[in-house]
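Participant: Dropping a structure here in structure tokens format, bear with me for questions.
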Amino acid sequence: SDNSNTRKEQVKLNAITLPTLHKLNPILHLPMESPPSSFSTFRSYLRALAQTPSRFAHRAPSVSSSYEELSWVKSRSGSTMHKSLRWYDLIGLGIGGMVGAGVFVTTGRASRLYAGPAILISYAIAGLCALLSAFCYTEFAVHMPVAGGAFSYLRITFGEFAAFLTGANLIMEYVMSNAAVARGFTSYLSAAIGIPTAKWRFTAAALPKGFNEIDLLAVAVVLTVTLIICYSTRESSILNMILTTLHVLFIIFVVLMGFWKGDWNNFTRPMNPNSPSGFFPYGPSGVFNGAAMVYFSYIGYDAVSTMAEEVKYPIKDIPIGVTGSVVIVTILYCLMAASMSMLLPYDMIDVEAPFAAAFSGRWEWVSKVIGVGASFGISTSLLVAMLGQARYMCVIGRSSVVPAWFARVHSKTSTPLNASAFLGIFTAAIALFTDLNILLNLISIGTLFVYYMVANAVIYRRYVVIGTTKPWPILSFLCLLTLTSLLFTLSWHFAPSGSSKSFLLGLCIGLATAITLIFRQTVPQVRKPEFWGVPFMPWLPSISIFMNIFLLGSLDGLSYVRFGFFSGLAVLVYVLYSVHATFDAEAEGFLGVKNGEMIRESTESEEDPNHKV
């Protein structure tokens, strides 16, 4: 009996994590000496590097729990972010974040080079894909309303390394998109006031082509927005609401002018008789290539999900705000794309500032009005995206994969001041010299990769409880679905036209449908969302996975080279710094262990109803 009681006490003691001991230390006066840091001396760092394989194997698959993310992980920021946002703020932030970046920067290029008048269909496809991804984001955000977005969702699902790789791509995506938007601001302001864009930029002969046009106005815009978001989130939301309202009025004006002054024949007839004609001048592949490029337009809803920590009523407000903003923006995009296609034949569309250039010459005053409205829209999209990128970096700092300095929330402004300032300066440096075309290709692939990962995560989390269910059936399903989607994509792009290609494409769709149906019938869900969940599980996330892979296949090879380079750089940072920093943080009690002995505690913590909202 004594031995049995002793074993029970040992089990209870083993369930006490290091963070718990640290909290009890002032009461129990336990000797809690922290081990030496991996970065304390150069010799310590060399010893840490020698242990990289074992540390990587230990930390890379380690997962957090939603309970931890909502409690002591969040407390690493010091001060808290004020809960001051409602659903209408989120819709305003979503519209402001998406519309300016999409229509006013990418529409002209995607229509002229890829889709032609069918850019309308490209926007609808991209919008559907974004809506399915938005459902996945919403389920996570309602369950765990923190500022980390996809990084936090993957950290509690697939572990630290997958979350870090995704987080690194997210930060890259936001910095590049914001730099692209800032340079687009210069183009539209030039059209509004009648000064050529070249007058705002000067060429540095010593720099390579694509990086040699210096844009000081873009830098000034980025730094101004940085100051605003550092001051207050609530005031930033109010400013965004005002500018977004003005912007929507400009959009309505553009749509009405396009349908009034435009020509329906422009949907099928190019200006140059040698150019491909018809509504689909470049065929279905051109439509999907255009969809992959304009998918950049929907980055804004992801920024809305990062505001979850500052929402008053997450259960109600987040689903309305995230999905509602995607639906409204998709409708606006399609209307504006149709309006632009009516105004000019697709082979006459300006790739830099399509709407302003469409009215120039015939209705010069309209061109200037559009330039002013586009400048408002680009300003709001920049404001929202920079709010989002700072919150991503803040939560990544809480996890110790980057220095904890980024996690600090200022006590007076209740904003992640350090992360906002650092990323603002970094974005300004990129906007200073990088060409828009280089930025757009890199952004699209990063966005699609992140959305693909989140769709996988929402399925995995519904069907797996760590320590209770076996993950292999779910992982096998996700791998088979991904391989089938890849086969469809490769067949679409490389198989010769004809009946054999149609048969192969149909076979891939049939296989994907059968795999999903068998999975649904044979593998039970073990976790049902208490407040809001993706409907028709696992069909909608599976379609999102399929579409994201297909859109990834529509991008050019150079985009993959850049993406591979940046991902390799992120892995290098993780191996040389992050894995050792998180290993030290775990030893000091700032990170829990989820690879064995603490796994049951993690599962029980997530079922605690007190942490939900």
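Backbone N, Cα and C define each Cβ position, glycine as well.
Keep in mind that TrEMBL annotations are predicted by a computer and have not been checked by a curator.
What TrEMBL lists as transmembrane segment is 87-106, 118-140, 152-172, 214-231, 238-260, 280-301, 322-345, 365-388, 415-433, 501-519, 531-553, 559-577 (among others). Per TrEMBL, domain 'Cationic amino acid transporter C-terminal' is recorded for 532-581.
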Participant: Using Cβ atoms and a strict cutoff of less than 8 Å, what residues sit near the transmembrane segment (501-519) while being 6 or more residues removed from its termini?
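Facilitator: Answer is 473, 477, 480-481, 484-485, 487-488, 491-492, 495, 538-539, 542, 546.
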Participant: Which range out of 118-140, 152-172, 238-260, 280-301, 415-433 gives the transmembrane segment (214-231) the most CB pairs under 8 Å?
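Facilitator: Answer is 415-433, with the largest number of Cβ pairs below 8 Å.
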Participant: Excluding the flanking five residues on each side, which residues at least 6 beyond the ends of the transmembrane segment (559-577) place their CB within less than 8 Å of a CB in that stretch?
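Facilitator: Distant contacts of the transmembrane segment (559-577): 49, 52, 56, 161, 164-165, 168-169, 172, 401, 441-442, 444-446, 449.
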Participant: By DSSP, what is the split of the domain 'Cationic amino acid transporter C-terminal' (532-581) into helix, strand and coil residues?
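Facilitator: DSSP classes over the domain 'Cationic amino acid transporter C-terminal' (532-581) add up to 39 helix, 0 strand, 11 coil.
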Participant: Given the transmembrane segment (118-140), which of the listed stretches 152-172, 238-260, 280-301, 415-433 has the most Cβ pairs that are under 8 Å apart from it?
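Facilitator: The stretch I would name here is 280-301.
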Participant: Which range wins on Cβ pairs under 8 Å with the transmembrane segment (365-388): 152-172, 322-345, 415-433, 531-553?
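Facilitator: Highest pair count goes to 415-433.
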Participant: Flag the pair the transmembrane segment (531-553) / the transmembrane segment (280-301) as in contact if three or more Cβ pairs fall under 8 Å (sequence separation 6 or more).
Facilitator: yes
Participant: Same chain, outside the transmembrane segment (415-433) by at least 6, Cβ under 8 Å from its Cβ: which residues?
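Facilitator: Beyond its ends, the transmembrane segment (415-433) has Cβ neighbours at 77, 81, 147, 171, 174-176, 178-180, 182-183, 204, 207, 211-216, 218-219, 222-223, 225-226, 229-233, 386, 389-391, 393-394, 397, 405-409, 439.
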Participant: Which value does the mean pLDDT take for the domain 'Cationic amino acid transporter C-terminal' (532-581) in this predicted structure?
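Facilitator: Mean pLDDT, the domain 'Cationic amino acid transporter C-terminal' (532-581): 88.
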